[in-house]
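Below is one structure; the comments refer to it alone.
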Ligand code: ANZ
């Protein structure tokens, strides 16, 4: 029977939609299971076959869990604010909302074609005002919260105010920007503005002066990874380090909890490692050093190796350290100033990455080593970062590589300290050229002991204390861009105030152009109606701003990560207008049980959403500390790029194997210009591809133009993308789904190779035909044989194991083996073929639904119980053959009853015991009576 995948797939996609098969109920007795994909950014290019890889895997798992009786939440949505739509708007004037809408429509069409079991009714879009209303609400909650270290959680700011009113800062342990000290009296008599200013020091969403990568040409701040070698990645414009007032999120308050929480998660180790590294906990001490000639100042350093203080021979300050101005001597000023100017062009990342080129300048001042009493020259260098620790280090060149390089370059003293701990000695840096110093009271101690002892000595002298530092910084939360969530803040007397939540959503205003204003304000500065009327509680005409009753609104928008930091919660209750998620639904759905997505989100999205989730838990809105219990990173699908070879300076293209003879340039060509699945270029199609190639001439080999092929990341810019729509058309969504899984282990990257598709398609046809006799659907009601059951139960065992271990590729090969075996023995029994269709349905749902309905069922196959393994069928029918040698039974050997006499004979002769009896002699005769006895004559 002809397997008409197109007709079948259309039919079932329509059925699922009409019957709302995958709509998830919130009230059932079934246990819940939450399977989530990292939602896509809907780009203009549409999906390529790399995108659905993770979605297919999660869809299989979701379907499998439904078969197992779980109430499965498997939603989809769009991360729909972002730069590409905005760039397109700048170029074309097209409103980003319009392009976003078009792109979403296209994505949805493509996703629906692949037959995902998403509950489409729960779709969310981060750019939709009904969604970002709640992103803004969370921002307001963060603004009105602080982190109490005594209770180790976020609390309402009203509690902090109460504390100030009663005790000032006494007994306060809070996460803060700057350490403040004041009395209750001082607080109570302070002006409102001063109070607000103080509170910003504690709020979890706060405004502060932050060093940012400022790109004047683009009129915006850039993220570190948007800057390459001091230039903007896009456009190559110069980027400067600039201090700007920015909104930030106090994620640093959660560093320890984010670190500890990792232990409870079932995540890939490399992912945990990168979060751990990012958080960067280090334990050490903060120590103050006196400065000669500056009795009122000290240099405070953070060190993880206080035990090496005897070997500290100079100090290095970050060029931005405020002390630099005070302590630089007039003679050194010019040199120091020019060095500061030079470093301001480098991003922090460049500074950290550049370990080879040490540079710096001498301030002319000296500090005193409190333990060795030696004079230590004070330098500045860009390897010391202002934002970490205290922005100053005691340099121990014998034990720290960067310090060592610096010492070599500036000809400074290198002193080694005696270390007993082997671990540390191994790490100890090259010190051939160093003097050894002994610190009597540290000698002979283990590393930990030495560290503890020196810290207590430091504390006793009152020059410092033990401390823990985290590398993770607070996250900048504002962008000078249009296509993002407006920040629900207005300014009165220079202080930020939140809008009342009743005014949310604060909608993104219309603007005439999407670029910064002439005054350098962000694009929202172009809006005509974007001011806050405090008395009437509404957004009004910008011209009405009088700073008395009508105030300016915040003009920057939220970063890309705002909306994605809580979307998993919104899916639980997507249409609620009164709350971001009802508590009982948040309790019912709880954590995401399985989250699948790309490893590029290791430290961004996955840290931010853990942080927001912890915050919402602290404030009592949800119950779980961690949002994503199990996480899998799918690998990348790589594309097979194709290249032509242009003879330099001409419009002549030479076929691959002749290219060596010429000076050529290798140029990407679109893989759709190849003939079929071969490497041969369709030269006419190539000429028609782009105007530059219209007059192309070709040097062929054997009458053909053969392209070069290379495996690269699949990407539109490399012209190697494969559109899943084309595959669905030709091989069906079921073919695409099976094939994507068949390509290899989910977590690995693997090249896309269209040639394998026909094999998978052949399997589907074979599977289909098991249920047909010629053109007629025909299954027999006869009881299957043991051998047939064995094939089925071997498959059940394998597939259950595979799915539970996320080994989807191996399941597909088991399907192929089982179907081949059943076909060989011409099995068409209902008791085999019914369960078979259920087992295969998570992978290939359309064909299985069709077969299920042909089998006479009227409900969807989706909720059918997954077949249960019966181990009895797997037990081999064995027979214990008596082995008789020269007429005497000497031994028994268990062998499968299905073996042929020749197979029995071979196995008997290979048996160790039998070989002992034979004592190396060749038997004269062997008689096998199948299922009875083996007689050997020697
Ligand atoms: C003396 C010393 C001796 C150090 C030694 C290391 C090894 P982690 O582990 O990343 O926390 N440091 C401190 N503040 C710095 C800053 N703002 N910029 C650059 N480097 C800074 O690193 C802590 C170590 O990095 C500190 O311990 C300090 O150097 C340096 F054998 O102090 B150490």
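Count begins at 1; order follows the chain as displayed.
Heads up, the Cβ atoms here are built off N, Cα and C, so glycines get one too.
The number of other Cβ atoms within 10 Å of the Cβ belonging to residue 716 (ATP binding site), over all protein chains shown, comes to 14. As annotated by TrEMBL, ATP binding site applies to 716.
Positions annotated as domain 'Methionyl/Leucyl tRNA synthetase' by TrEMBL: 38-143. Summarised by DSSP class, the composition of the domain 'Methionyl/Leucyl tRNA synthetase' (38-143) is 62 helix, 7 strand, 37 coil.
What TrEMBL records for 278-457 is domain 'Leucyl-tRNA synthetase editing'.
Annotation source TrEMBL lists domain 'Aminoacyl-tRNA synthetase class Ia' at 708-739. Proximity of distant same-chain residues to the domain 'Aminoacyl-tRNA synthetase class Ia' (708-739), defined by a Cβ-Cβ separation under 8 Å and at least 6 residues beyond the stretch ends, is recorded for 5-6, 8-9, 45-52, 56, 59-60, 110, 113-115, 636-645, 656, 659, 666, 668-671, 679, 751-752, 754, 756-758, 760-761, 763-764, 812, 815, 843-847.
Here TrEMBL flags 792-902 as domain 'Methionyl/Valyl/Leucyl/Isoleucyl-tRNA synthetase anticodon-binding'.
TrEMBL lists 713-717 with the feature motif ''KMSKS' region'. The average pLDDT computed over the motif ''KMSKS' region' (713-717) stands at 86.
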Exercise for review: Take the domain 'Aminoacyl-tRNA synthetase class Ia' (708-739) and count its residues per DSSP category (helix H/G/I, strand E/B, coil), listing them in that order.
Suggested key: 19 helix, 6 strand, 7 coil
Review point. What does DSSP give as the helix, strand and coil breakdown of the domain 'Methionyl/Valyl/Leucyl/Isoleucyl-tRNA synthetase anticodon-binding' (792-902)?
Key: 60 helix, 18 strand, 33 coil
